[in-house]
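Straight from TrEMBL, the features:
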| type | residues | note |
| --- | --- | --- |
| SIGNAL | 1-25 | signal peptide |
| TRANSMEM | 44-65 | transmembrane segment |
| TRANSMEM | 72-93 | transmembrane segment |
| TRANSMEM | 105-127 | transmembrane segment |
| TRANSMEM | 184-208 | transmembrane segment |
| TRANSMEM | 243-261 | transmembrane segment |
| TRANSMEM | 282-300 | transmembrane segment |
| REGION | 319-339 | region 'Disordered' |
Amino acid sequence: MSFWKAASLLSLLVCLVGLVDPVKAIKDDDGNPVIIAGFRPKVWPAAVCAGLYLVSGTLHWIHYFRTGRPRYMLTLTISMYTTVLGFVFRIIYSQGDNVYSLPWYLLQSIFILLSPCAFIAVDYILLQKLADSLGEEAAKDCLYLRSSLIVKLFVWSDFITFNVQADGAGLEASDKLDKIGSSIALAGLILQILSFLFFTALLFRFGWRARTAHPEIWRIGAGESYWKDFGFFKVTPFQDWRILWVVMCLTTIAIIIRCIFRIVEYQGGSRGYVMMHEGYSYVLDSLPLWIAMTLYAWLWPTRLQTVVSNPYAMQPLTDEGRKATQSPGQQGERQEQSS
């Protein structure tokens with residue numbers, strides 16, 4: 001639900017940007033046009049990033065259609081393409097007099113800054129799905145809170161910080177309000193990373209607790225080479241849920257790197273050293289996020305087979321999962337019935 005709210009907000013912003021005169025430039029006190037970003041962005045890094053995100057996003061869409069169209073993965077597939085749009089808008093903004101144009105600056109800034117909010121939401125959804133896949137008892141014991149609250153709590157938190165960052169990004173375009181805009185965007189980023197650090201702690205504790213308190217579940221699917229489960233075009237199910245958990249942990253590290261970079265960037269102000277050198281943005285923001293989200297193209301999450309039968313989980317129940325979650329008495333009854 002919150003993803004569609006975010007998408008609606010992006011659409012509204014695009015419409016509002018369209019109402020602004022694309023030719024009219026912001027001018028300084030002497031009447032000279034001002035390059036809104038403070039510099040003219042280079043085309044080639046934006047084009048490279050657009051191509052990388054386009055390829056990975058297309059792989060996500062291929063997985064999406066080949067694995068039953070799981071609606072919750074639309075958060076990832078759509079946001080990869082909105083990121084591509086952000087880099088396309090950045091290329092357009094860099095051309096000619098567009099560097100003085102407020103609409104083009106807002107479009108590239110908003111899409112590049114806010115699309116990763118949906119990347120974060122993907123991890124929220126997957127942790128809930130993964131917990132439900134391991135069974136109610138394991139989910140309760142391995143998490144600080146009910147799995148059903150994960151998406152609601154953290155997505156609402158991100159929705160609030162999303163709006164704060166959007167407001168800040170909009171004000172940054174004003175020559176008089178750019179410092180206030182940077183401060184607002186910085187506040188939104190700080191709130192976002194605090195929320196995400198709490199989520200990351202939940203995720204890491206989930207795996208650690210499963211290993212120490214539920215070894216029978218931790219070892220499901222173990223003993224085989226996990227590399228065989230990776231593949232950009234594989235659709236066959238896999239049973240070792242720990243692989244997905246490790247991938248999720250890697251994505252959280254990339255997202256934290258991005259959040260820390262953005263905080264440092266906005267801390268320096270709209271004309272600070274980091275903000276004025278776009279190479280840092282590509283190396284510490286766009287590249288880590290692309291690597292993190294491409295991991296999900298290499299190991300599509302919905303291929304995971306569940307441990308327990310749960311309508312909110314990912315795949316049908318496996319025989320090994322039944323054995324792991326049944327008591328010895330239940331297993332004996334099952335053997336008698338089969339004999």
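Positions of Cβ are set from backbone N, Cα and C atoms, glycine also.
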Outside the transmembrane segment (44-65), six or more residues from its ends: residues with CB under 8 Å to it: 73-74, 76-77, 80-81, 83-84, 87-88, 90-91, 94, 232-233, 235, 278-279, 282, 286-287, 290, 293-294, 296-297, 300, 302
Cβ contacts under 8 Å made by the transmembrane segment (282-300) with residues that lie 6+ beyond its boundaries: 45, 49, 52-53, 56, 59-60, 63, 67, 76, 80, 83, 112, 116, 119, 122, 229-232, 234-235, 238, 243-244, 247, 250-251, 253-255, 257-258, 261-262
Contacting positions for the transmembrane segment (243-261) when only residues 6+ beyond its ends and CB under 8 Å are counted: 116, 119-120, 122-123, 126-127, 130, 189, 192-193, 196-197, 199-200, 203-204, 206-207, 226, 229-230, 280-281, 284-285, 288-289, 291-293, 295-296, 299, 301, 304
Cβ-Cβ under 8 Å with the transmembrane segment (72-93): same-chain residues at least 6 beyond its ends: 3, 7, 10, 37, 41, 43, 46-47, 49-50, 53-54, 56-57, 60-61, 63-64, 99, 101, 104-105, 107-108, 110-112, 115-116, 118-119, 121-122, 125, 129, 289, 293, 296, 301-302
